[in-house]
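Reading through the structure tokens given below for one structure.
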Amino acid sequence: MLHRHRRHGRRFLPMLRTLSTGATPAASCPPPPPIPSPDAACLGDTDPASLPADDAIAALPSLADSAGSAAALALFRRLSSRPDLRRLMRLYATAATTFVARGNLPMAHEAMRTMVAAFAEAGRLREAADMVLEMRSHGLPLCVETANWVLRVGLQHPACFPLAREVFDGMTRSGGVRPDERSFRALVLGCCREGRFEEADVLLGTMRQQGFSLDNATCTVVVRAFCQQGRFKDVSELFRRMSEIGTPPNMVNYTAWIDGLCKKGYVKQAFHVLEEMVGKGLKPNVYTHTSLIHGLCKIGWTERAFRLFLKLVKSSSYKPNVHTYTVMIGGYCKEGKLSRAEMLLGRMVEQGLVPNTNTYTTLIDGHCKGGSFGRAFELMNKMKLEGFLPNIYTYNAIIGGFCRKGQIQEAYKVLRLATRQGLHLDKVTYTILITEHCKQGHIMYALELFSKMAENGCHPDIDTYTTIIAAYCQQRQMEQSQKLFDKCLAIGLVPTKQTYTSMIAGYCKVGKSTSAQRMFERMVQHGCLPDSITYGALISGLCKESRLEEARALYESMLDKHLVPCDVTRVTLAFEYSMKEKINIAVSMLDRLDKRQQAHTADALIRKLSAADNLDAASLFLKSVLDKHYTVDHVTYTSFINSCYNSNRYALASEISEKNLKKDL
């Protein structure tokens, strides 16, 4: 009975499992015929669509009997757009059963699909999906087109992803309705959008096994998703498989790969992909070249980028577009070459291209980073005169510029201009202000902004959390920072390298190196690779607590991973061993360093040990440097000799002076 759909709390998944066991076979749904306008004579003087809800719904079966299914479908379409009826289940149930009774299954399926879209908007997709399945007992077999519709609509709403997955899994069971290529493509796209890359991999493998191909449009989305994760080898494998099954990657697919490589800074690899693309007879377009220009600018090769840009200018087949100019302007702004950036803006206008909000924002950001706020405001006024309103990104550029200069009051003045224009602060705005307040030690102001951020529906990301965590760590408030760290995990945010390093450094600062070690181990276990700064923070913390063997083991592990310890790390560990009269160990630590690092470390150690009156240890390092014929820094040498004289170590001073003279001969 239709009244069963009111039981909204029942589970949907068990019903899906019956997809393959129902007695009614799956049906294919051809498109409905063209809909003629209903005969006015049949409708009488009253328009059914204007009737009260109950009467309007009741008019559907009557109209179908008197004027035919086409007229009833036209009325249904009008009723389903009424706000008071759009999410009323009775409308869709009545329409579907009316069409089923008259044998018009395609029209009944249209009613179901309209219901799914309307209910998904209200977060009630499960109710709609239940109804789609229940209609089977009323003579409307489920067809793959309608199942795909439920799947696609569900994937458009992130909260509905689990239900969409259930729909697909129900389709994949033997018999009944089975997923087609469109089903797989829809779910692959959904998995990529949700960051469920392992699931996407499995789906792609199943598609290959079942002989389904990945169309080029879906391939582009998958490529972008893989590139965001740095999974470039997977892109190469995907392209190979596509070629094998007869759907070779096209120019757009290759451009997406090139763009992904460039955004990650792998420009050399991007040019190799370009060669592969051209070798397959595919001609790069302006978007391909713009991605390469962006990549070159990103790694600081602006002049090479400009040469490629000029190649586009001189090309007869394609010219640089607004985005190309904007990217090139951004490259010059990044290097502080604002006059060249301004020149390009003028050239762009001469070519008949109209700078857009993004172009102006890029140039404004460049001037703000250079401290030219006057010119930034001139450009903002100019863009307004040309009909382009500054957006929140434009204002963020100026707010960020003032914050970099420490002028937070000026930043707030600009913020008020943005809010008067009706703009809402985004994550970047909040993070800029929170970061600056933390730098200035205004932790309470930062926390107030942090709270407002969530209240205004702008949920903090891991970078924002990391900023607050780092501020607490700087102030040695590790209990507060740990609470925030735990909250990140609770709400599903993934701590970054910076998050972990801040926590490790904070624990070391308050003398809790054991807690720091646990955080370090947790970091590694979760696949977040520590860098030399992370290692350095923990090594320094262990040294402060005289846990030298553990610190040294970390140091050796760091070198084994080909990470270069910074000067502070090398000097701190060697100094602590020297002060513990384990000078041989300290000296041996230099052996794994290159010539420049050895000389640098020795210089710093000699000065530090001389200042601590540990002249015996200092002399050993100095002799080691001289024996290897390295150049001794004049300040270091003078500092050591003066310390010898101050401590009445004249013989030692004479010995080192003689050794130094022999080196120069």
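Even glycines carry a Cβ here, placed using N, Cα and C.
Predicted automatically and left uncurated, TrEMBL annotations should be read as such.
According to TrEMBL:
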REPEAT    108-142  repeat 'PPR'
REPEAT    180-214  repeat 'PPR'
REPEAT    215-249  repeat 'PPR'
REPEAT    250-284  repeat 'PPR'
REPEAT    285-320  repeat 'PPR'
REPEAT    321-355  repeat 'PPR'
REPEAT    356-390  repeat 'PPR'
REPEAT    391-425  repeat 'PPR'
REPEAT    426-460  repeat 'PPR'
REPEAT    461-495  repeat 'PPR'
REPEAT    496-530  repeat 'PPR'
REPEAT    531-565  repeat 'PPR'
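Broken down by DSSP into helix, strand and coil, the repeat 'PPR' (250-284) contains 26 helix, 0 strand, 9 coil.
If one looks beyond the repeat 'PPR' (461-495) by at least 6 residues along the same chain, the residues whose Cβ comes under 8 Å of a Cβ in the stretch are 427, 430-431, 434-435, 438, 441, 443, 446-447, 450, 453, 502-503, 505-507, 509-510, 512, 515, 523, 526, 528. Helix, strand and coil counts from DSSP across the repeat 'PPR' (321-355) read 26 helix, 0 strand, 9 coil. Same-chain residues lying 6 or more positions outside the repeat 'PPR' (391-425) and placing a CB less than 8 Å from one of its CB atoms are 357-358, 360-361, 364-365, 367-369, 371, 373, 376-377, 380, 383, 432-433, 435-437, 439-440, 453, 456, 458. Taking Cβ pairs closer than 8 Å, the repeat 'PPR' (356-390) reaches residues 322-323, 325-326, 329-330, 332-334, 336, 338, 341-342, 345, 348, 397-398, 400-402, 404-405, 418, 421 in its own chain, all 6 or more past its ends.
Here the repeat 'PPR' (215-249) has Cβ contacts under 8 Å with residues 181, 185, 188-189, 192-193, 195, 197, 200-201, 204, 208, 256-257, 259-261, 263-264, 266, 269, 280 of the same chain, all six or more residues outside its ends. If one looks beyond the repeat 'PPR' (496-530) by at least 6 residues along the same chain, the residues whose Cβ comes under 8 Å of a Cβ in the stretch are 462-463, 465-466, 469-470, 472-474, 476, 478, 481-482, 485, 488, 537-538, 540-542, 544-545, 547, 550.
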